[in-house]
Amino acid sequence: MQATSNLLNLLLLYLLAGLDPSKTQISPKEGWQVYSSAQDPDGRCICTVVAPEQNLCSRDAKSRQLRQLLEKVQNMSQSIEVLNLRTQRDFQYVLKMETQMKGLKAKFRQIEDDRKTLMTKHFQELKEKMDELLPLIPVLEQYKTDAKLITQFKEEIRNLSAVLTGIQEEIGAYDYEELHQRVLNLETRLRDCMKKLTCGKLMKITGPVTVKTSGTRFGAWMTDPLASEKNNRVWYMDSYTNNKIVREYKSIADFVSGAESRTYNLPFKWAGTNHVVYNGSLYFNKYQSNIIIKYSFDLGRVLAQRSLEYAGFHNVYPYTWGGFSDIDLMADEIGLWAVYATNQNAGNIVISQLNQDTLEVMKSWSTGYPKRSAGESFMICGTLYVTNSHLTGAKVYYSYSTKTSTYEYTDIPFHNQYFHISMLDYNARDRALYAWNNGHQVLFNVTLFHIIKTEDDT
């Protein structure tokens, strides 16, 4: 019985997962639905799962009845325990009164022996003792009531135990094993889902966490989303122009302490702050041009460069803060992207997916959002998210899906703690936004919503 209860509880834990469907307006019929965020305050990854509605056990009604009966028996057991404690206390009181009664009996014998000389004295003592015994009467009455109640509870528990035994016999060993196997299969499927869990829709941005305060008002810092778990190198590029020096740190801890591991002197100055490190190479916009450069850190040389056709540059179509931020290079779960504007698209944002080796444009999408009205932007799972400002009160205001070639207006606020953001990029490995906020290097945590289709979906 205990094993069955544990399995039921485990199954409920997986199925319920802590979400309130009435608040999140989730329809579990669509498939596995997962809310995930980068980490909790202790640094652990978080995934909350809502399973699709389906009949996991052919005897749900009997299992539910069994669970309700088990809860009822447990509640009764607790009540009996309380009554036992109370009756034990009262029993000790009765024993004390019994001792006093024995003393009274001895007094009666003494009175019988010498009733003339001691009558008055012992009568008074007897009266006092009888006054002390008066409270015993309601105690005894309560003791009788509790004893009857305990007897009734015991009888009901015997009846319930018989019902439970009958239900367990009806379910049988085969159904128990089947339920156990279904729970194990569910657990396996959840693990598989977690491994495949990459893409989702942005739901919330939390933070920021200030990692370091350094550099000028404008700059960029980043890690490689395709690096291995043991490779946590950080790259740091101060200012938005007139600089060619990239500083490398072996870890976040070294970055915070200022312990550089290496510096790189690029062959060209960069423009803006919208660079990205992807698969061991730095991609940046060459100063005063619409040329994209791919520079290998390991080889210390340029591997490719290509002009981004029709892309505005040198503050023709920057973000709202300026700073030669015309061309924004970024990466997500899908690959490498360039976000910019052209005269052909009336200064509105163009999204291009790039070949990471040749920098060739593989496909482009033209949006209707003016590049000059955007505070910053970043890609998550092939969707571009655009903020409406780089100042206080900024929020994610617009999104464009390259998968469906559709857009929507959003309202996802985030805390611009230091009042001026000049770089905001998503890192798919860390599931976080890296930002340069007025000379502060900060991280924002993101929460994504996922729908995973299952084999049972039609």
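Cβ atoms are placed via backbone N, Cα and C, with glycine included.
Heads up, TrEMBL stuff is auto-annotated, nobody curated it.
Record features (TrEMBL):
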type	residues	note
SIGNAL	1-24	signal peptide
COILED	59-121	coiled coil
COILED	150-196	coiled coil
DOMAIN	198-450	domain 'Olfactomedin-like'
DISULFID	C199-C381	disulfide bond
Count of other CB atoms lying within 10 Å of the CB belonging to C199 (disulfide bond):
18
How many neighbouring Cβ atoms, not counting its own, are there within 10 Å of the Cβ of C381 (disulfide bond)?
19
Restricting to the domain 'Olfactomedin-like' (198-450), what is the model's mean pLDDT?
96
